[in-house]
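Let me begin by presenting the structure, written as structure tokens, before commenting on it.
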Amino acid sequence: MGCCNRRCGLLAGAVFGALLAVLGGILIPAGNSIIEGTVKKEAVIENGTTAYDNWVSTGAAVYRQFWFFDVTNPVEIVENGATPVVVQRGPYTYKTRYLPKENVTFTNFTVTFLLPLGAIFEPSMSVGPEEDHITVLNLAVAVMAVPGLFLRLIKSTNSSLFQRRSVKELLWGYYDPMLKYNGTYDGPYTVSTGEDDIANVGKILSWRGEESLTFWDDKYCNMINGTDASSFAPFVDKRKPLYFFSSDICRSVSASYEDSLDLKGIKVYRYTLQPNTLAAPNVNPDNQCYCRDPKVTKNCTMAGVLDISSCQGNKPIYISLPHFLYGSPSLRESVLGLSPSPEHHDTFMDVEPITGFTLRFAKRIQVNMMYGPSKVITVLKQVKDYTIFPIVWLNETAALDHETADMFKEELFSRVETLEVLQLSLLGIGVSIFVLCFTMYCVVRCRHSPGKFV
């Protein structure tokens with residue numbers, strides 16, 4: 001009788017262990033479903049969600065650091081046609097994106113808004129005051145396309161090929177009959193809230209009221225793809241590129257997975273722009289539609305620059321990575337003093353893969369102006385060839401602070417980890433109990449049933 005009770009108890013223990021293991025196994029897909037549902041709910045852009053709170057007003061402080069290229073030999077360039085020599089000066093740092101989005105309007109799973117622009121100088125993060133003076137290319141020289149009008153304006157303003165102005169004037173505008181500074185908003189944007197399809201959350205549907213761009217002579221180049229890079233759809237697949245649109249460069253680009261990193265205890269995926277983003281069309285045929293002036297770009301074989309004059313009032317502005325990183329050698333040969341470095345000059349984003357939130361980024365862009373030889377304009381007579389001249393490069397950056405990181409981990413990852421521990425514990429304990437009890441049951445059964453094994 002006692003033996004029977006022992007065997008029954010062991011058998012019951014084995015059954016109990018099996019049930020625990022099954023429960024743990026069931027909780028794995030069920031728990032994953034719960035986590036997925038919670039993340040998707042919080043990733044929707046609507047009042048009351050985590051995504052909305054971080055979307056309507058940037059949680060982390062965003063800074064723009066500016067480095068200017070100070071021309072050291074302006075007289076030799078003008079009088080003798082010498083190769084320009086520049087020295088990098090900076091950073092001059094400003095806090096930006098501190099204003100919440102305005103005119104926020106929700107309609108049919110979309111939200112439309114304006115992005116206000118503003119900047120506050122941060123002396124403690126800068127090498128000097130805004131009143132520091134820099135010698136740079138005279139923007140008016142590059143801008144003017146009508147020689148007769150240009151000549152009259154040059155005489156009336158005593159302009160030269162180079163000018164010396166303060167950092168504040170160069171960045172935020174100064175009185176000049178040839179140049180005007182304006183622009184207080186970016187947009188309006190219309191993006192998907194993700195309520196109807198979370199895969200589309202944050203996806204830009206239109207910019208300035210248009211579903212596609214009008215700057216390029218090609219449907220492909222005019223496409224507005226992806227988000228604004230502040231966030232992406234949850235459950236990021238590192239095998240696929242992330243697409244985003246940048247109004248700063250008037251086009252959409254993609255970033256590819258590079259590495260997995262730890263950011264204040266949070267696992268993130270690092271995405272970077274690929275070197276072929278600004279490659280010459282003979283290397284990356286997709287860039288053919290971005291080549292606008294074969295004369296300047298040496299029959300579209302020049303790599304590393306993007307002509308955005310069509311979206312800048314026809315001003316000859318060229319965008320590149322800082323110090324012409326990944327650009328053609330001729331760019332650095334025509335202006336001396338440049339030292340490109342992927343570590344300091346590449347653009348990257350650190351994306352948390354479960355939520356799709358960008359927790360740290362560095363957007364690095366260089367602004368250049370083009371000028372060329374002229375037999376009519378006196379200050380350009382010594383210029384030997386078309387030159388894409390660096391003016392300034394900027395690093396717009398933000399990173400998760402410790403307080404927000406702790407809150408992020410507590411609200412999301414603590415729940416995920418608790419559920420995972422519960423799942424694995426039930427599975428492990430259940431399997432252990434089952435194996436132990438069933439083994440002992442078999443031993444007892446074998447001892448009392450000679451010649452039999454059940």
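A Cβ is built for glycine as well, from the same backbone N, Cα and C atoms used for every other residue.
Secondary structure at CYS221 (disulfide bond), as computed by DSSP, is coil. According to TrEMBL, the feature disulfide bond maps to CYS221-CYS289 (among others).
Its Cβ taken as reference, CYS311 (disulfide bond) is surrounded by 18 other Cβ atoms within 10 Å in the chains shown. Taken from TrEMBL, the feature disulfide bond applies to CYS250-CYS311 (among others).
Secondary structure at CYS300 (disulfide bond), taken from DSSP and collapsed to helix, strand or coil, is coil. Around CYS300 (disulfide bond), taking its Cβ as the centre, 17 other Cβ atoms fall within 10 Å, counting all chains. As annotated by TrEMBL, disulfide bond applies to CYS291-CYS300 (among others).
Positions annotated as transmembrane segment by TrEMBL: 421-444.
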>> For each of CYS221, CYS250, count the other CB atoms within 10 A of its CB; which of these disulfide-bonded residues has the top count?
In response: CYS250
>> I want to check the contact list for CYS291 (disulfide bond): same chain, sequence separation of six or more, C-beta distance under 8 angstroms. What comes out?
In response: PRO281, THR297, CYS300, ASP307
>> Give me the long-range Cβ neighbours of CYS289 (disulfide bond): same chain, 6+ apart, Cβ under 8 Å, in sequence order.
In response: TRP216, ASP217, ASP218, TYR220, CYS221
